[in-house]
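For reference, the structure is listed below as structure tokens.
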Amino acid sequence: MADKEIDRVSGTETTGHEWDGLKELNTPLPRWWLWTFYATIVWAVFYWILMPSWPLVNDYARGIRGQSQRAIVMEQVAALKDMRARTGAALADASLQDIQADPGLLDFAMANGRAAFGDNCAPCHGAGGGGAVGYPNLVDDSWLWGGDPDAIHQTILYGIRSAHEETRFGDMPAFGRDELLDSGQIRSAANYVRSLSGLDTEAGADLAGGEAVYLDNCAVCHGDDGKGMQEVGAPNLTDGIWLYGSDLDTVVHRIRVGGGGVMPPWVDRLDPVTIKSLAVYVHSLGGG
Ligand code: HEC
Ligand code: HEC
């Protein structure tokens, strides 16, 4: 190792390190850098004194300010709970119409309803309420059982064809399985039903016969004009919106097996405020 010396070109002292004839200059740190460095040390000392910083054996140094992020969060959570409890109590007392008329309550109910929908309803009705085969679309303003807030509330409370005694019910007869109609009549009726929403019919389909079958067997529930009946959950067959699909085979199958989808009741599983919030939220999706 060579000795320290003064470099002739820069006039700076070298460190004495040398590799293959290259010598390392011992250039002093810039002043501003040094002062910043000292300042951070001073800052750190004050910080240790003021704030919780050092771990101790069983605890930690709390600092003179005794600040605790945990305590701050707990306070905020308590304040939020308090606010929720107050709004929740207001919601519990309000009617669905009152909630819709009050922007503060409405906001709260919508947020609450949206979250509860994601947790409980989306598996069947889809994340945005778009539905699937057999699970109704809730955003299209076409309702099997009624789309005003009270009707929706009732549906959510007690379900549809559920085990609850207040459930909504109304089953379509199994016209084929129970031999109420023969397969020719079913096919004609299916063609007639498709014609109600402007879909094409099979070549040679007996539409007049289908209409007669319809008026005798189906109109009690689906209406003379095919517009459906919400008291028994019979869908409108003229609006081009299908719960199970519009192709001829699907319609024939539906007439053969009848029945109806089951929606669970929520009255025993969710609290009243959540159910109200859900009714308001679902109504906002496609209420009419
Ligand atoms: C297990 C699946 C399932 C779950 C979960 C479910 N539903 Fe349903 N829901 C159905 C089915 C099936 C129907 C249609 C029943 C029928 O054919 O009439 C339905 C119908 C409805 C209707 C009536 C639609 C109309 O056109 O009148 C509403 C409103 C509704 N559900 C809301 C909800 C809400 C809100 C939740 C969550 C709390 C929920 N559903 C959870 C299966 C489900
Ligand atoms: C007792 C009442 C009742 C009678 C009678 C009835 N239906 Fe229905 N129908 C329903 C109900 C309720 C549904 C809905 C089933 C569900 O929600 O899962 C339905 C559903 C349908 C569907 C499926 C609609 C869709 O959107 O996918 C078709 C098609 C249909 N009915 C045709 C007929 C025809 C044709 C007849 C006569 C041969 C008939 N129905 C008689 C109550 C009835």
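Positions of Cβ are set from backbone N, Cα and C atoms, glycine also.
According to TrEMBL, the feature transmembrane segment maps to 32-50. Remote same-chain residues near the transmembrane segment (32-50) are listed as 61, 63-65 (criterion: CB distance under 8 Å, separation of at least six residues from the stretch ends).
Summed and averaged per residue, pLDDT over the domain 'Cytochrome c' (108-197) gives 95. As annotated by TrEMBL, domain 'Cytochrome c' applies to 108-197 (among others).
Reduced to three states, the DSSP call for CYS124 (heme c 1 binding site) is helix. If you take the C-beta of CYS124 (heme c 1 binding site) and look for same-chain residues 6 or more apart in sequence within under 8 angstroms, you find ALA132, TYR135, MET263. Under the heading heme c 1 binding site, TrEMBL lists CYS121, CYS124, HIS125, MET263.
Under the three-state DSSP scheme, MET172 (heme c 2 binding site) falls in the strand class. The heme c 2 binding site feature in TrEMBL is assigned to MET172, CYS218, CYS221, HIS222.
Marked as domain 'Cytochrome c' by TrEMBL: 205-286 (among others).
Each residue contributes its Cα atom, and for CYS221 (heme c 2 binding site) and HIS125 (heme c 1 binding site) those atoms are 25 Å apart. In this structure, the binding-site residues under consideration are CYS121, CYS218, CYS221, and the one with the smallest number of other Cβ atoms within 10 Å of its Cβ is CYS221. Binding residues for heme c 2 (MET172, CYS218, CYS221, HIS222) extend across at most 10 Å, taking the greatest CA-CA distance.
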